[in-house]
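Chemist: In case it's useful when we look at the structure, here is the feature table from Swiss-Prot:
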- 1-6: topological domain 'Cytoplasmic' (TOPO_DOM)
- 7-29: transmembrane segment (TRANSMEM)
- 30-332: topological domain 'Lumenal' (TOPO_DOM)
- ARG75, ASP148: substrate binding site (BINDING)
- ASN114: N-linked glycosylation site (CARBOHYD)
- CYS115-CYS126: disulfide bond (DISULFID)
- CYS144-CYS208: disulfide bond (DISULFID)
- ASP149, HIS262: Mn(2+) binding site (BINDING)
- ASP238: active site (ACT_SITE)
- CYS312-CYS321: disulfide bond (DISULFID)
Amino acid sequence: MSRARRVLCRACLALAAVLAVLLLLPLPLPLPLPRAPAPDPDRVPTRSLTLEGDRLQPDDVFIAVKTTRKNHGPRLRLLLRTWISRAPRQTFIFTDGDDPELQMLAGGRMINTNCSAVRTRQALCCKMSVEYDKFLESGRKWFCHVDDDNYVNPKSLLHLLSTFSSNQDIYLGRPSLDHPIEATERVQGGGTSNTVKFWFATGGAGFCLSRGLALKMSPWASLGSFMSTAERVRLPDDCTVGYIVEGLLGARLLHSPLFHSHLENLQRLPSGAILQQVTLSYGGPENPHNVVNVAGSFNIQQDPTRFQSVHCLLYPDTHWCPMKNRVEGAFQ
């Protein structure tokens, strides 16, 4: 064997030995795949409620304020001075008497319902009937009813309504009872009466209806039908709304803790949450201490309802708010 062939054979043997050693070595483990991040329980899902709701503008909301001629003085002027000044195009005042001066202050959005000024079930239902018809005429997406002792936070209201679709059956508010109301439904023609149970949102805290639901209510609510429907159960206006929505249409009241009436203990509302509420109220002469506990530049004698204090915290740039509020608001 020539010397060249011997060298080649040795090289082949060496290569074979190296390959044998490599085959005996353990194979390396595959690199682990990167893990998906653990879900964050506090993170809001990408598909949030707002994607299913409306992109609302302030003028999409119709706010009806129910009042009476005797409250056209300080009570209603307080609302015009505070929250209505921030939502003038949204707000319509429904009353029972003409008042040219107040009509001018309200920008022409005060409506004389020609209903009785006496606080009876029939008079209340008369006003609600007019409110409902005016809302349908407006073409707006949402109807919200409040009383003349409510402070409305327009920003909170718009934010809340934006989480729903106005095409869906939405009835939103706060019940004053912890159980459904039970009523006797009188059948036309003097037939057998039925017992019906349903929830209703108290008008004293305010409530809202989507246009989709309001249109379905039309056979029992439009063009004066609301009053005859109320006579079937002989209940006030807010109860009749609940009767139509739940008892006749089978929709449901969505209970919201953001609406407040004078019937609850308002001092129990946490002060840190007051500015996020949709509506507030106050106790009035019969219960003057039932007001929200909010600090402000006005004392209780200057601001017995606490509405001015709340307003200056929400809108410190208001010209009549104390300078302290305006300076603090500039740095927020």
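For all residues, glycine too, the Cβ spot is worked out from N, Cα and C.
Surface or core, plus neighbours and distances: that's what I need for these features.
Modeler: For the topological domain 'Cytoplasmic' (1-6), the model's average pLDDT works out to 54.
Look at ASP148 (substrate binding site): DSSP puts it in coil. Taking a C-beta cut-off of under 8 Å and a sequence gap of six or more, ASP148 (substrate binding site) has these contacts in its own chain: VAL65, LYS66, THR67, THR68, ASN71, ARG75, LEU76, LEU79.
ASN114 (N-linked glycosylation site) is surrounded by 12 other CB atoms, counting those within 10 A of its CB over all protein chains shown.
Reduced to three states, the DSSP call for CYS126 (disulfide bond) is helix.
Long-range Cβ neighbours of ASP149 (Mn(2+) binding site) (same chain, at least 6 residues apart, Cβ-Cβ under 8 Å): ARG75, GLY204, HIS262, SER281, TYR282, GLY284, THR305.
Every protein chain shown contributes to the tally, and the Cβ of ASP238 (active site) ends up with 24 other Cβ atoms within 10 Å.
Counted within 10 Å of its Cβ, the other Cβ atoms near CYS321 (disulfide bond) come to 21, all protein chains included.
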Chemist: I need the least crowded one of these disulfide-bonded residues (CYS208, CYS312), counting other C-beta atoms within 10 angstroms of each C-beta.
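Modeler: Among the disulfide-bonded residues CYS208, CYS312, the sparsest Cβ neighbourhood within 10 Å belongs to CYS312.
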Chemist: For the disulfide-bonded residues listed here, CYS115, CYS126, CYS144, which shows the highest count of neighbouring CB atoms within 10 A?
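Modeler: That would be CYS144, with the highest Cβ count within 10 Å.
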Chemist: Roughly how many Å separate the Cα of CYS312 (disulfide bond) from that of CYS144 (disulfide bond), to the nearest whole number?
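Modeler: About 24 Å separates the two Cα atoms.
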Chemist: Please determine which of the binding-site residues listed here (ARG75, HIS262) has the lowest count of neighbouring CB atoms within 10 Å.
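Modeler: Among the binding-site residues ARG75, HIS262, the sparsest Cβ neighbourhood within 10 Å belongs to ARG75.
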